[in-house]
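Notes follow once the structure below has been shown.
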Amino acid sequence: MPYDPALPLPEPTRAEGLRRLEDMLPRAGRAYAAGRNYDRGPGRHAPVSMLSPYLRHRLLTERDVVAAVLERHTPQAAEKFLQEVLWRTYWKGWLEMRPEVWRRTRRAVATLARDRAMMDRVETAAAGRTGIDCFDAWMTELSQTGYLHNHARMWTASIWVFTLKLPWELGADLFLRRLLDGDPASNTLSWRWVAGLHTPGKAYLARPDNIRRYTDGRFDPQGLADTGEPPAGDAGNPPPAPLPEPPPIDLSLPSALLLTEEDLLPEDLLPPDLDIRAAAAMPCAAARSPLPVAAGVRGFTQGALGNALDRLGFLGRYLPRDPAAVVAWAREHGARQVVTPYAPVGPARDVLDALEPALTAADIRLARPRRARDTDLWPLATAGFFGFWKTARGRIGA
């Protein structure tokens with residue numbers, strides 16, 4: 001697929017997310033259920049919402065989307081759309097209670113990235129030079145747009161693992177580095193699901209006839225694996241641990257607000273009487289991987305952070321991922337507490353965990369307020385999605 005300059009990156013603002021949501025609402029019912037599996041190619045993804053970059057950075061919240069959809073459609077008509085929104089919540093909760101899966105994946109990527117022969121194979125695949133027509137087209141689309149249809153993500157992951165025989169961890173890492181909506185939970189666990197590791201022994205195989213059907217005959221892939229054994233050596237799924245309790249906000253302390261890309265709707269989260277002396281953003285996109293993160297991903301994230309600061313009325317100030325710099329910034333503004341919206345398991349959480357000891361040593365609290373809906377729904381992710389959905393749907397009014 002040649003480069004198409006008519007495929008611009010989306011605008012990283014809440015206003016654009018709300019505009020896209022409003023545009024999608026008429027199609028979020030039975031029309032979505034009928035058309036959601038079709039991948040018609042770049043610039044032709046109208047049957048799906050394209051809201052994922054906004055949900056991932058919480059320029060829109062799941063609550064925003066669910067409420068808007070249920071104002072327009074019955075729960076029955078919108079069930080498939082609502083399930084897709086709640087898959088994101090499920091994955092977040094599942095990984096939040098099993099952080100070791102994220103840590104194992106990070107360690108595997110760091111080790112595999114040092115294998116030059118392996119990385120040569122990965123680079124060939126990532127450049128779309130495998131000779132598998134659909135896979136190569138999807139790699140080009142991913143590189144150019146930072147987006148892939150969900151069905152294409154599943155097919156791509158399956159071909160990566162079972163046909164190309166590449167480690168799933170490096171495929172998940174590539175997606176995390178290139179997707180504008182790259183999410184540690186949804187991405188990591190979806191790759192594990194395709195590989196037959198999330199639901200042990202149940203792998204997802206990309207079938208040529210299925211690809212032909214749901215791409216409207218755009219592709220005729222040859223040589224795809226027709227069997228798939230889950231990769232050996234995986235340590236399996238640990239049992240769920242209790243959801244961690246985040247440090248609360250102390251309203252008596254002068255505070256500095258530190259934003260990461262994990263939640264960019266602070267005005268919908270923070271108490272109105274919080275004494276905020278300063279606000280800054282700390283981009284963590286580059287911490288997604290030891291390998292280079294796409295410029296479009298870094299740009300979208302930085303733009304989204306800037307939009308959140310603008311909405312709060314603060315001049316855009318960006319801090320490096322350096323504990324000393326954050327301590328100096330807090331002291332500069334007389335803050336005794338740094339408040340940052342809760343970051344679930346992933347790179348931003350890792351950065352904040354590394355930051356906390358330096359703040360504590362400087363007698364500055366780190367408060368991490370978490371949304372009530374997350375606290376309510378995440379603990380339901382103890383097993384599979386449909387058990388989660390059975391309870392969660394009642395709590396969201398579906």
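Glycine is treated like the rest: Cβ placed from N, Cα and C.
Matching Phe81, Phe135, Phe219, Phe300 to the FAD binding residues that TrEMBL gives (Tyr32, Asp181, Gly182, Asp183) identifies Phe81. The binding-site residues examined here are Asp181, Asp183; by Cβ neighbour count within 10 Å, the least packed of them is Asp181. Site extent for FAD: the farthest pair of Cα atoms among Tyr32, Phe81, Asp181, Gly182, Asp183 sits 23 Å apart. For Tyr32 (FAD binding site), the same-chain residues that are 6 or more apart in sequence and have a Cβ closer than 8 Å to its Cβ are Pro47, Val48, Ser49, Ala78, Lys80, Phe81. Counting only same-chain residues six or more apart in sequence, the Cβ atoms lying under 8 angstroms from the Cβ of Gly182 (FAD binding site) belong to Arg56, Phe175, Leu176, Arg288, Val297.
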